[in-house]
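Going by Swiss-Prot, these are the annotated features:
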- 1-25: signal peptide (SIGNAL)
- 29-82: domain 'WAP' (DOMAIN)
- Cys36-Cys69: disulfide bond (DISULFID)
- Cys52-Cys73: disulfide bond (DISULFID)
- Cys56-Cys68: disulfide bond (DISULFID)
- Cys62-Cys78: disulfide bond (DISULFID)
- 112-163: domain 'Kazal-like' (DOMAIN)
- Cys124-Cys143: disulfide bond (DISULFID)
- Cys132-Cys161: disulfide bond (DISULFID)
- 190-283: domain 'Ig-like C2-type' (DOMAIN)
- Cys211-Cys267: disulfide bond (DISULFID)
- 289-355: domain 'BPTI/Kunitz inhibitor 1' (DOMAIN)
- Cys303-Cys355: disulfide bond (DISULFID)
- Cys330-Cys351: disulfide bond (DISULFID)
- 363-413: domain 'BPTI/Kunitz inhibitor 2' (DOMAIN)
- 413-544: domain 'NTR' (DOMAIN)
- Cys421-Cys493: disulfide bond (DISULFID)
- Cys424-Cys495: disulfide bond (DISULFID)
- Cys435-Cys544: disulfide bond (DISULFID)
- Asn497: N-linked glycosylation site (CARBOHYD)
Amino acid sequence: MPAPQPFLPLLFVFVLIHLTSETNLLPDPGSHPGMCPNELSPHLWVDAQSTCERECTGDQDCAASEKCCTNVCGLQSCVAARFPSGGPAVPETAASCEGFQCPQQGSDCDIWDGQPVCRCRDRCEKEPSFTCASDGLTYYNRCYMDAEACLRGLHLHVVPCKHILSWPPSSPGPPETTARPTPGAAPMPPALYNSPSPQAVHVGGTASLHCDVSGRPPPAVTWEKQSHQRENLIMRPDQMYGNVVVTSIGQLVLYNAQLEDAGLYTCTARNAAGLLRADFPLSVLQRATTQDRDPGIPALAECQADTQACVGPPTPHHVLWRFDPQRGSCMTFPALRCDGAARGFETYEACQQACVRGPGDVCALPAVQGPCQGWEPRWAYSPLLQQCHPFVYSGCEGNSNNFETRESCEDACPVPRTPPCRACRLKSKLALSLCRSDFAIVGRLTEVLEEPEAAGGIARVALDDVLKDDKMGLKFLGTKYLEVTLSGMDWACPCPNVTAVDGPLVIMGEVREGVAVLDANSYVRAASEKRVKKIVELLEKKACELLNRFQD
């Protein structure tokens, strides 16, 4: 029968086309399974989660669970692969993170559409445990440091915290001798340009909270919304979180506001010199206002938490403001309706007016620089670090957490007080200490790094003069700064106490394996003119040689 003969070539062509189309669906050699976010949906572009730093040219440059995708910088970055709900078949066996390793610091295994993937941690504990990291920044706690390391694709480790002592002095000098500081003169902790002010928007409206901060180096800004949960979500610049966007300049914009969006939004700004946290209260109001409060009825009862049992669940997606004794200010709580009434306030300002008596604690306010140009050195108290720190005040629109001297700041605010330490006793007087020491210098302390676990630390000294140097060649090398190792230090009451004097010091110590070392027997005193002159005279008269001959 001749009829079937033409059918065979057609069947062969159909099978060939089918096989070709099937092979096109297979991934290219070296490519990883899954899709890029914008391939799955045109609205899911790779955002700044990659920070445009993890560049790649193909999937082979990324981890097995990642794809090389176009990012907002016009380049390509490694990001977690996405899978459509009706896409590649998922193995019938349940996916598990068991045995799946996430080598990047701050990343955890998560199951994404049936596959284990590594995701950067985006929630951290609310309790502070300040951590100094190897990138020179201070983090709110260890979790924040790990999350930042994952975000930047780095490895960060904990280092001893630095104490910057070079500027400003504890008290300004006379006006005629004090130079006007500039914001870029020295490392400065973050400070706000303007004090945070409460905002209120109607349902469906847009709110903008701007954490406008100064500091040197420029501070990094993150946001979080305070909640009653153990962990808060960290919101970073150039990312979207539901109806919330954090811009590249640290501005939080909330679109289509809903009642549940009301609350305290906390800005955290940090740099190598310090850390700042400021609360921005946001109230969301219903357009159809409920019954107005009778102005003749005191609202103090509204400040207290509900003690009676309420029938039924809380009002869905509705929050009210009440006084929180732990914070000392107002915060949002789920609205509970008992007997048809809800206890609480619609706005943060109404709650503060009714429940907070007096001007409030000035020491709890963030440091505010202000927008003017009349720069002045000032001191502010940090309730997080529990210490006073310097900042530059512009001369206007600050707040009460603004002191002319460190002493006045410490007198007004709760700086931890420890019993006074006994004065460090010198094992030898000046002449004998000079002869027993390998070096004697005059210098100003610029930085101290404490290492309590090793009972030591490091002191960095700006050299004014080298009086004696038997082993390091400081004058020959023209050394301007000297790093001195502190050995056997009890940091509760350190001896010698290198931080006891603000001005120049006379420092004498040993040299061990080419390193300048101070221990409990080393000589450290204020560099008075009389003391320095005495050392020079002893060296000129070669008193140490005579002393050695006498001892021999």
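Just so it is clear, glycine is given a Cβ too, placed from its N, Cα and C backbone atoms.
Cβ-based neighbour count (10 Å, all protein chains) for Cys267 (disulfide bond) stands at 28.
Taking the C-alpha atom of Cys330 (disulfide bond) as reference, the shortest distance to any of the disulfide-bonded residues Cys36, Cys68, Cys355 belongs to Cys355. Among the recorded positions listed here, namely Cys56, Cys69, Cys493, Asn497, Cys493 has its C-alpha nearest to that of Cys355 (disulfide bond). The DSSP breakdown of the domain 'BPTI/Kunitz inhibitor 2' (363-413) into helical (H, G, I), extended (E, B) and coil residues amounts to 9 helix, 16 strand, 26 coil. Within 10 Å of Cys62 (disulfide bond), counting CA to CA, the disulfide-bonded residues Cys56, Cys68, Cys351, Cys424, Cys495 contribute Cys56, Cys68. DSSP assigns Cys78 (disulfide bond) to a strand in the three-state reduction. In the structure shown, across all protein chains, Cys124 is the one of the disulfide-bonded residues Cys56, Cys124, Cys544 with the greatest number of other Cβ atoms within 10 Å.
Annotated pair Cys544 (disulfide bond) and Cys424 (disulfide bond), C-alpha to C-alpha distance, rounded: 24 Å.
Cα to Cα, Cys124 (disulfide bond) and Cys495 (disulfide bond) are separated by 39 Å. Ranking the recorded positions Cys69, Cys132, Cys143, Cys493, Asn497 by Cα distance from Cys435 (disulfide bond) puts Asn497 first.
The residue listed as 'N-linked glycosylation site' falls outside any helix or strand according to DSSP and counts as coil. Among the listed disulfide-bonded residues, namely Cys36, Cys68, Cys78, Cys132, Cys351, the Cβ with the most fellow Cβ atoms inside 10 Å is that of Cys351. If you count neighbouring Cβ atoms within 10 Å for each of the disulfide-bonded residues Cys143, Cys211, Cys435, the highest count belongs to Cys211.
Comparing local CB density within 10 A for the disulfide-bonded residues Cys424, Cys495, the maximum falls on Cys495. Cβ-based neighbour count (10 Å, all protein chains) for Cys330 (disulfide bond) stands at 27.
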